[in-house]
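Taken straight from TrEMBL:
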- 12-30: transmembrane segment (TRANSMEM)
- 50-71: transmembrane segment (TRANSMEM)
- 83-105: transmembrane segment (TRANSMEM)
- 125-153: transmembrane segment (TRANSMEM)
- 165-189: transmembrane segment (TRANSMEM)
- 209-226: transmembrane segment (TRANSMEM)
- 246-263: transmembrane segment (TRANSMEM)
- 297-317: transmembrane segment (TRANSMEM)
Amino acid sequence: MNIESDPLLQKIAAVLFALALLHTFSVKYLERAAAYSPRHSGLFHLLGEVEVVFGFWAIVLIACVALAAGSDQAIAYAESRNYTEPLFVFVVMVIAASRPILHAVETSLGATAHLLPLPTPLVRAWLSLAIVPLLGSLITEPAAMTIAALMLAPQLFQRHVPERVKYLALGALFVNVSIGGTLTSYAAPPVLMVASTWNWDSTFMLFNFGWKAALVVLVNATLATFVARNHLRAVSDDTSAPRPKIPAVIVLAHILFLAGVVIFAHHPIVFLGLFLMFLGFTQAYDAHQSPLIIREALLVSFFLAGLVLLGGMQRWWLQPIVSGLEPLALFGGALGLTAITDNAALTYLGSLISGISDESKYMLVAGAV
């Protein structure tokens, strides 16, 4: 029995997908419900996590398949999916956001800011809004956002700075981090979820998306820094408390772990083995570590794995809709939908469509990011 072509299960999967989208818009109500039900507050908080949505409904789907077609068919369908990308995202997020990696990037940017013949606070702000988001293509978007926030907070997000300037900087940062991860094929989830299927490597991303994204990032950062220049100059460059130094060998080891995981991104056995070694290394040198973002990375990985399971049953209705759209219409649709749903979900669902043209692939990802 082919689960994906069974009419009943196709309809069940489509209904569950619709419920997952509805759940996405209802998370704030679930968070409020937790306050009115202390006994089940933990469950409501869990279901109120956006990253849990697709994973939760994927579990419901597997249960429905087991009831309708038997447990063997349900297990066979679950095992037929490819979870390399969700596993990779989990591993690379944890390593890239580790303290030695963040320390190395912050230290390098701080030294660069002092070397340039411009006011240091001004340079630091520009580096935070421009270079850090572009580095997200190497160290992943969450790590880039963390570093940029740590660098901007003491300079810009202070009481004396006008709210409009803060919002401008925050908007520029969000946009730049989102598109700054498109210089490689692994850092941005919407790209990662289609890169293997469409054979998009980092070279392809750099020459088709990356250089354009870099130009936009530089323009956004320059404009935002220019608007905030008077307020930045009034902020001391050294407002943060001194932090203990991390030995260079520790930093180098973390960089090598990160590089190894990226090199073997398509070999889960290898990069999971490297990750286990990394966990042992961080335990051995815990004095130079901050708590690893295991929970946050697991949530993102759970979301993507749920998307793989639940999305795999949606091709039957997506194929006729998407294949009938012109590339420009696909771009507009992706651009509009990314405001209300996750862009990785959009691109992954697009990767399920057979016979989609190269131009349509480009437009889908461009609209999503």
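Glycine is treated like the rest: Cβ placed from N, Cα and C.
Below 8 angstroms of C-beta separation, residues 132, 135, 139-140, 142-143, 146-147, 150, 186, 189, 192-193, 196, 243, 246, 250-251, 253-255, 257-258, 261-262, 265-266, 268, 271-272, 274-275, 278, 282, 288-290, 292-294, 296-298, 300-302, 304-305, 308 of the same chain, each at least six residues beyond the ends of the transmembrane segment (83-105), sit close to that stretch. Contact counts against the transmembrane segment (12-30), taken as Cβ pairs under 8 Å, peak for 50-71 among the stretches 50-71, 209-226, 246-263.
By number of Cβ pairs under 8 Å, the transmembrane segment (297-317) is matched best by 50-71 from the list 50-71, 165-189, 209-226, 246-263. Remark: the transmembrane segment (165-189) makes no contact with the transmembrane segment (50-71), by the rule of 3 or more CB pairs under 8 A. Remote same-chain partners of the transmembrane segment (50-71), defined as residues 6 or more beyond its termini with a Cβ less than 8 Å from a stretch Cβ, comprise 1, 3, 6, 8-9, 12-13, 16-17, 19-20, 23-24, 27, 77-78, 299-300, 302-307, 309-311, 313, 342, 345.
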